[in-house]
Amino acid sequence: MPGWSCLVTGAGGFLGQRIVRMLVQEEELQEIRALFRTFGRKQEEELSKLQTKTKVTVLKGDILDAQCLKRACQGMSAVIHTAAAIDPLGAASRQTILDVNLKGTQLLLDACVEANVPTFIYSSSVLVAGPNSYKEIILNAHEEEHHESTWSNPYPYSKKMAEKAVLAANGSILKNGGTLHTCALRLSFIYGEECQVTSTTVKTALKNNSIIKKNATFSIANPVYVGNAAWAHILAARSLQDPKKSPSIQGQFYYITDDTPHQSYDDLKCTLSKEWGLRLDTSWSLPLPLLYWLAFLLETVSFLLRPVYNYRPPFNRLLITVLNSVFTFSYKKAQRDLGYEPLVSWEEAKQKTSEWIGTLVMQHREIGNKKSQ
């Protein structure tokens, strides 16, 4: 695939930024277009530093702007679509989440057909497969097993329907008579440097005597390090453009995890931050069934108040279920078809993430020292 080019949507996000950074190392890549709704000054500076032999073009635009998407896709060989409204708690309106995740994906697929882009990789989520109950056990699941989310919550529903649209679009005829080839990568929880979930957890703990609130004690998950998640996208882009590999990949989805040990989300938070004195809350917490029904009551209150007041519960049944389920996946199919092997070991991922958490702790202490002076 000599002289190829790639558009990355959501390029200012946690995963998108890492994909762009890895793409510039691709020897035969001529141009990367980095599309994001709004880039901060720091993000733009970091992207400008990536200018090597590969041209990096920064594009500001909305995933719901069809004309913007057509311009962004023009002349591209591949699209990696990471842009999404990630909102399991439902803080944004249902329509907003559906528009960004589902309508935006369909508009981008249409733009690919119009602009003759033959390769489309979609960043999906394991939440399209469940878990549908915290009592359900899904252990080392693989693609041949039929797991599908039954939640009506806008985030898992929109991701599920968007993935279906992407896979159904495989084989679409492009405007020039060519063929669109698609695949989807179902990512487990992504951790690593610059993870907003981890950042919020750490900052909240630092304001609470370095105590991390427990909310995921009963889960068993296999999160994926951001560098490995990004690497899977690079391999998918390569493989879909390889005439020998592409036929077995077209229209397929893949679970993407790595060799991070299976553990609860609470244990992961503790492991990554304990070097800096952060520790899990040891106080009593509500039993899981009671917590689940409390979430149901809060959702009911939110529904009843909706005509007069927009009440957003602090947690919901989806979040309680996701954070307290046995829900792990195998990456063997990606290994077989894409040649995927984690680039970064658990030990290295743990060290890099811990060092980054250390910078957050230092920043917090510096701010505290300035206030006390």
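Keep in mind that glycine also has a Cβ here, set from the backbone N, Cα and C atoms.
With a 10 A radius on its CB, Y155 (NADP(+) binding site) counts 24 other CB atoms from all the protein chains. Feature annotation from Swiss-Prot assigns NADP(+) binding site to G10, A11, G12, G13, F14, L15, Y155, K159; the stated evidence is similarity to another entry.
For K159, the entry in Swiss-Prot reads active site, proton donor, with the evidence type similarity to another entry. Taken residue by residue with DSSP, K159 (NADP(+) binding site) is part of a helix.
Positions annotated as transmembrane segment by Swiss-Prot, on the basis of sequence analysis: 288-308.
Annotation source Swiss-Prot lists N6-acetyllysine at K350, citing similarity to another entry. The Cβ of K350 (N6-acetyllysine) has T271, L272 as same-chain neighbours under 8 Å, each 6 or more residues away in sequence. DSSP assigns K350 (N6-acetyllysine) to a helix in the three-state reduction.
Taking the Cβ of G10 (NADP(+) binding site) as reference, residues of its chain lying under 8 Å away and at least six apart in sequence are, in sequence order, G16, L35, F36, H81, T82, A83, A84, S123. Cβ neighbours within 10 Å of K159 (NADP(+) binding site), excluding its own Cβ and spanning all shown chains: 27. Within the same chain, residues at least six positions away from G12 (NADP(+) binding site) with a Cβ under 8 Å of its Cβ are A34, F36, R37, T38, F39, G40, Q43. In sequence order, T82, S123, L187, I190, V226, A229, A230 are the residues near L15 (NADP(+) binding site), counting only same-chain partners six or more apart with C-beta under 8 A.
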